[in-house]
Amino acid sequence: MQLTLEFGGGLELLCDSQKIHKVNVDLPNGEDDLTMKHLLTWVRTNLIKERPEMFIKGDTVRPGVLVLVNDCDWELSGQLETTIQEKDVIVFISTLHGG
Amino acid sequence: MEANGGEIVRELKELKLQKAEIEQRISALEAKLHETTAAVERCDAVSNGCSVPTEIEHGLEHGMSPDQIYRYSRQLLLPSFGVEGQSNLLKSSVLVIGAGGLGSPALLYLAACGVGRLGIIDHDVVELNNMHRQVIHTEAFIGHPKVKSAATACRSINSTIKIDEYVEALRTSNALEILSQYDIIVDATDNPPSRYMISDCCVLLGKPLVSGAALGMEGQLTVYNHKGGPCYRCLFPTPPPTTACQRCSDSGVLGVVPGAIGCLQALETIKLASMVGEPLSERMLLFDALSARIRIVKIRGRSAQCTVCGDNSSFNKQQFKDFDYEEFTQFPLSADPLNLLPAESRISSKEFKEILQKKERHVLLDVRPSHHYKIVSLPDSLNIPLANLEARLNELTSALKEKEYGCVNTGSSTNASLYVVCRRGNDSQRAVQYLRDWGFSSAKDIIGGLEAWTADVNPNFPSY
Ligand SMILES: [Zn+2]
């Protein structure tokens, strides 16, 4: 499944300072759908190069990270249970505090 | 000669400041004179037996004076804004919290556009390293409170609005009282505890909150607590780890980035105050300056489970006053210096200067990130950033060996000592602790880092 993954607000530093990743993610064995839960594991394994605790806490993203599926907060689409479709754009962004 | 030069600079600074203050007083008096003259003319018209009410004579049912009409004419001409928008704006009051990178442009536009009453709160003073982004301040105000500087600038742009100055930090003890006096709150602060505190306070008082943030090359903007929209805690119920909370003073920021976000904060505030357009509520604007992209995303609405604005929340003003936001976010606002090491593992910058003068054999390890090292460094130092120290220990070992063998006095059994420096003296302690665990028993940190070197040894050594 072709997906665009984007990292921002400093999270890109965890994946070689590259913000946009065009990736191909396979469906998990025996499943018909790709959920955000599976995608998070995939990202953790394949894209995060350092300090994974800055991205993941428990089975979800760490506090202070917003997840957007096609420009929409994943809270509105079922969080970890959100089903991902071909060509979706998923953004992981850390909240900023500076001024 | 040098002392003379210093005196002249001081005197110039003082005079420039006086000049700015005098100019501000002149424009305030001129505005007052205008008002008085207008009032006298109106009185004359009435006492001359002219029975036509002034408002009708001038056609000014909205109550704006001829000067106000002229000043705000370009906004009055906007069909979607017009007299109604401007009248609402003139009746509104806005509190801007923070007169820094975000607050500077926000305040300039809010003063210019005619917000009726503008409050400014900040406890900081203007510094030279603020000037690249905090564009409301001028060099004459370096060392003076940001609030005084910002208020002077706002008055010189628009002497007809009321400006309230609060030269103090916003705390749980004064927040409810101060915020309650304004219709709209602008969060232009730079740290997590302030952001949670301001949002909670806005929920308790039922005030909309225009929230902006910027760091490095990115910015974020949204409106919280507006007509059933989410509060800051709905979005971020749990504070992020401290390591994820970078400051501009550590990570850097391109001046125009908070500038752009601050302008947009002014815009959202003007929309709320004048009651035009669609506020950026339940949406968030994400600005990426480097790739020139702005994306506006849909965010969750108010959370029924929110501990502050949720359905079953019992959060009240007393709890707010007692809440420790620094503890909650694990983000101390006035950080005590780190003290990891015993006294014998540390030396002062003055002691290190003596070591240099005596030409004692040593290696100076600088553990700052390499882009910091490029800005300025002490001569003859070895740069291995703290993050890479473990992987590059062999470089340190060979540098120490070189100093030993390179010495003529081979009969001596003393090893070369190892001194560790960083910017402020925190990372150098972490490095020394680590190095001692790895057998570098002579490692000592230079207390206070390069900042202490500038302060206590060489005032000409650049600080940043
Ligand atoms: Zn809430």
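Using N, Cα and C of the backbone, Cβ positions are placed for all residues, glycine too.
A TrEMBL annotation is a machine prediction, not a hand-curated record.
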**OP:** Write down the single range among B:12-39, B:68-95, B:180-207, B:376-403 that appears in TrEMBL as coiled coil.
**Re:** B:12-39
Subject >> When distances run from the Cα of B:C231 (Zn(2+) binding site) to each of the recorded positions B:G101, B:N129, B:R133, B:D190, B:C248, the nearest one >> reply: B:D190
Subject >> Helix, strand or coil at B:N129 (ATP binding site) [DSSP, three-state] >> reply: helix
Original post:
If we take B:N129, B:M131, B:R133, B:C234, B:C306, B:C309 as the binding-site residues, which have a Cβ under 8 Å from chain A?
Top reply: none
Subject >> Listed recorded positions with Cβ under 6 Å from ligand 1, out of B:G101, B:N129, B:D190, B:C248, B:C309 >> reply: B:C309
Original post:
For B:C234 (Zn(2+) binding site), which residues of its chain lie six or more apart in sequence with Cβ-Cβ distance below 8 Å?
Top reply: B:R300, B:G301, B:R302, B:S303, B:C306, B:C309, B:G310
